[in-house]
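K.L.:
Quick one: structure below, then a few questions.
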Amino acid sequence: MAYRKRGARRETNLKQDERMQEKEDSKNINNDSPKSQLSEKVLSKKEEIITDNQEEVKISDEVKKSNKEESKQLLEVLKTKEEHQKEVQYEILQKTIPTFEPKESILKKLEDIKPEQAKKQTKLFRIFEPKQLPIYRANGERELRNRWYWKLKRDTLPDGDYDVREYFLNLYDQVLMEMPDYLLLKDMAVENKNSRDAGKVVDSETAAICDAIFQDEETEGAVRRFIAEMRQRVQADRNVVNYPSILHPIDHAFNEYFLQHQLVEPLNNDIIFNYIPERIRNDVNYILNMDRNLPSTARYIRPNLLQDRLNLHDNFESLWDTITTSNYILARSVVPDLKELVSTEAQIQKMSQDLQLEALTIQSETQFLTGINSQAANDCFKTLIAAMLSQRTMSLDFVTTNYMSLISGMWLLTVIPNDMFIRESLVACQLAIINTIVYPAFGMQRMHYRNGDPQTPFQIAEQQIQNFQVANWLHFVNYNQFRQVVIDGVLNQVLNDNIRNGHVVNQLMEALMQLSRQQFPTMPVDYKRSIQRGILLLSNRLGQLVDLTRLLSYNYETLMACITMNMQHVQTLTTEKLQLTSVTSLCMLIGNATVIPSPQTLFHYYNVNVNFHSNYNERINDAVAIITAANRLNLYQKKMKSIVEDFLKRLQIFDVARVPDDQMYRLRDRLRLLPVEIRRLDIFNLIAMNMEQIERASDKIAQGVIIAYRDMQLERDEMYGYVNIARNLDGFQQINLEELMRSGDYAQITNMLLNNQPVALVGALPFITDSSVISLIAKLDATVFAQIVKLRKVDTLKPILYKINSDSNDFYLVANYDWIPTSTTKVYKQVPQQFDFRASMHMLTSNLTFTVYSDLLAFVSADTVEPINAVAFDNMRIMNEL
C-alpha cells in the first residue's frame, strides 16, 4: 500500500544523504591536506622563497565556493532523478511480478491421498504365528524333539522406560492401520503344495505353516492326511467360497469380524449417476454419458463424507490456514486459463489514443498503462476464483496516484464480497477511492478516517453523499456478502444474483458516469480530466465487464459444486496478495472467448476433494478410537500429544512441528468429545479381552516378578533348561503392581523384604532375557531392589530372566562342576498356548468373486458444448459481447 512505499523511499533518501555527507567530508579532508603541507614548509629549516599575490588567492576561493554550490545543485538534481527512476522501476517491478508462488509439493501431497481400498489385501490379519521350540532335559541339555507353540509375530518392545500398556496401545494402532475395508479370499488364496488335487488354502502364511507341519517328523499321519485333503469348497449358486486356514483363535476372531463387517456395497449405474454432483449433472453445458452396464458383482466403498466434526475453522488459526492454503493451491490448478485476450500492445495503443497521451505531459496518466499485461490478467482471474473457493482472505496492493487502479478496484469491490478482503486492506482501498475520486467529484472535504472505526469508509460515505446513483452503488458494495446455502448437505458460499447475471456492473457504470459528470470544484482541471479519462476507459468496456463478471461467477459456481466440505468463512492468518494493476489488466484485456472448466478437470477436482475429506474422517475415527483406548489403558496423560501429532501427520498436508501446543491440546479436547466408531470399538474389545493370551505368547512380557532377600535356586523347565522362572505363585505373598503404582504405598513391600519374606508383584511388565552364566554370577539383581526399596519406583522395573542350557555360553561351568545357580528374583511367566492343529483349523467364508471400483467417475464419458454457446444460470450465454 501507499504508506509502506513512502517508508521504503525515506530509507533510501537517508542512505543517499549519508553518502553525500561522506563525499563532502572526503572533499574537506582533501582541502585540508595542502594547508598541512604549507605548515610543514613554514616549520622546516629549509629556505624557500614564496611570492603569492593576495587578490589571486581571494578570487580562487570564491571560484571554489561557487563550484561547490553548483556541484551540490547538480547532485540534488541527479539524486531526485535517480529517485524518480527507482520509483518508476519499483512500480513496474511490483506490477509485473506475479504474487502467487506455486507450491507443487502441497498439490502433490493432496493428489497422492488415495482411497484406502486401493491397498489390496494379500494376507489375513495375524498377531500370532506357530513356532517350533526345542525341549530340554533335566540336566539342561537340548533334546532332538521339538514342540509347537503360538508366539507373537512382532514381539518387539522399545528400549528404555516402557509400559506394557503402551505395547497394547501400539498393537491397537497397528490393527487400525491394517484393518481392511473388505476381504476377498479368492484374491489371496494360494496353492496347497501338499494337496492331492491342487487344492488351495486361504493365504501364503497358511500354506507355509502347512508345509512346516507336513515336513515335521513328529507330525501324526492323520494330520498329514488331513493337510493333503485341505482345499477350497465352492458354492457357485450362492456366490460363496470356503477356504481352509490355520489361525490362532484370537486371529480367527479378528478375521471373522472383518469378513462380517465389510464396507463394500453393490454398485450400479444409479449410484454412479448420483455420485456426480447434482449441479454438474443438471448443467446444460456438460454432456454426460454412461455407456457401460456394470456386472452384478460390481462393488464400491462409500466415501466417508461426514461434515467437519472438529470445526477446524473455529479457534485453530494455523491449522485452518494450512487447509485453506492447500485448497487454494488445488483450486488454482483447476481454474481454466483465459483465452484470446486482447493484444496488450493494441489495447495500450487504443488507451493512449483515448487518453490523448501525445498531447499530455501529466505523468499520472502514463501510470494508467503501467504493468498492464496478459499474464497479470490471467493471474488475477485465477486468484479471485481460487480465493473464493478456498475462502482465503485477500489483501490489496495499490498506488494511490494510479487512478486507473482505483477505478478497477471499484469494479473489484462491486463483484467480490467484502469478507474476502482483510479489513485493513479493504479500508485503505475504500479510503483511497473516496478521497481520490468520490469526494473530490462533489467538492467535499477529504475524509479523515479514524483507525478502528467500526464503519468502513464506504459506509460513512453512503450516509453523506446526496447523489442517488453513487449512494445506491455504495449501498450495494456495503451489503455485498456471500449467501450461505446448503446444497447436497454441503454449506456453500453463494454470490448475489445481481453479480451472477452481471447487472451490478450497470449499477457501477451509472455511479461512474455520475462521478465523471461532476465539476471537481476544489481540484485543478487536469485532475478532473485524468479521472474522467480513467472512467471513460472503463466505461468503454461495459459489455466486456458484464461478460467478465458472468464468466467469473459461472466458473466459481461450477467448481464450487465439486467441494465436499462445508465452506466456512473465517479470516485466515496469511493472505493472498492481489495487485490492483492486475485487476486493471483483467478489465482492459478480457476478450470475448468463453472459458469453462473441462469435465476431466472437474472430475479430478471432485475426486481430490472426496479423497481428502474421506481420509480426514477416517483419521478422526482412528484418533478418537486410540484416545478412548489410551483412556481405558490408563495411558491418557502419557500418550495424548503424540496421538494428536500422529493424527495430523496422517492428514499429509500439515507441518506438525510448527503447530502451536495450545492448538494441539484444543484438538485433543475436541477429539475426546466424539463418539467411537462401532467397528473400531469392537476391535479394541477383542484385544482387551485377550490381553493375557497375548502376554503369554510374548518373549518380552511377564505376568509378574518374585523378589526375595535370599537367593533362590534356578529351576529346571522343559522350554528353557535352568531358569529363574515361576509358573505359579503358590505360597507367595502377592501385591498387585497396579495398586502399588496407584497408591504409592511401598511400606508393606519394604517391610516384607527386610523381614526376609519373598514377595510377588503381580502384573504385566517387560523383562530381559540373559543366557550368559558369567553375568548370572556377577549380578545380584541389585537393580530390582534399588528400584523398589530405595527409589520406590516400579514403573521402570525390568527383571532379568536367566536361561541356562546347552545352547548358552559357558554351560560347562554348570554341567562339569555340578554348580547350582541361584538368583534373588524369579520371573512369573505362564506357559504360552501350545499349537494344536485341529483347534487351529478354521474354514473362512467369503464371496466367490466381486470387483471393487475405486474411481466411479471413470465410467462417465463427458464433453462440453462449444464454449461460445455455454449458458449461465439464467439460460443466456455467459459471454454476450461478440
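Here the Cβ of each residue, glycine as well, is placed from N, Cα and C on the backbone.
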K.L.:
If I go by Swiss-Prot, the feature region 'Hydrophobic' sits on one of 165-185, 396-416. Which?
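P.N.:
Result: 396-416 is the stretch Swiss-Prot calls region 'Hydrophobic'.
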K.L.:
Under a three-state reading of DSSP, tell me whether Phe226 (site 'Interaction with the intermediate capsid protein VP6') is helix, strand or coil.
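P.N.:
Assignment for Phe226 (site 'Interaction with the intermediate capsid protein VP6') reads helix.
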K.L.:
Take the region '5-fold hub' (1-82) and average the pLDDT across it for me.
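P.N.:
Mean pLDDT across the region '5-fold hub' (1-82) comes out at 48.
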K.L.:
Are there residues of the same chain, six or more positions away from Met841 (site 'Interaction with the intermediate capsid protein VP6'), whose CB falls under 8 angstroms from its CB, and which are they?
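P.N.:
Result: Phe226, Pro244, Ser245, Ile246.
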K.L.:
In angstrom units, rounded to an integer, how far apart are the Cα atoms of Met230 (site 'Interaction with the intermediate capsid protein VP6') and Met843 (site 'Interaction with the intermediate capsid protein VP6')?
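P.N.:
Met843 (site 'Interaction with the intermediate capsid protein VP6') has its Cα 10 Å from the Cα of Met230 (site 'Interaction with the intermediate capsid protein VP6').
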K.L.:
Using all protein chains shown, find which of the recorded sites Met230, Met843 scores highest when you count other CB atoms within 10 A of its CB.
P.N.:
Met230
K.L.:
What does the structure give for the C-alpha distance between Ala222 (site 'Interaction with the intermediate capsid protein VP6') and Met843 (site 'Interaction with the intermediate capsid protein VP6')? Integer Å is fine.
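P.N.:
Taking the Cα atoms only, Ala222 (site 'Interaction with the intermediate capsid protein VP6') lies 19 Å from Met843 (site 'Interaction with the intermediate capsid protein VP6').
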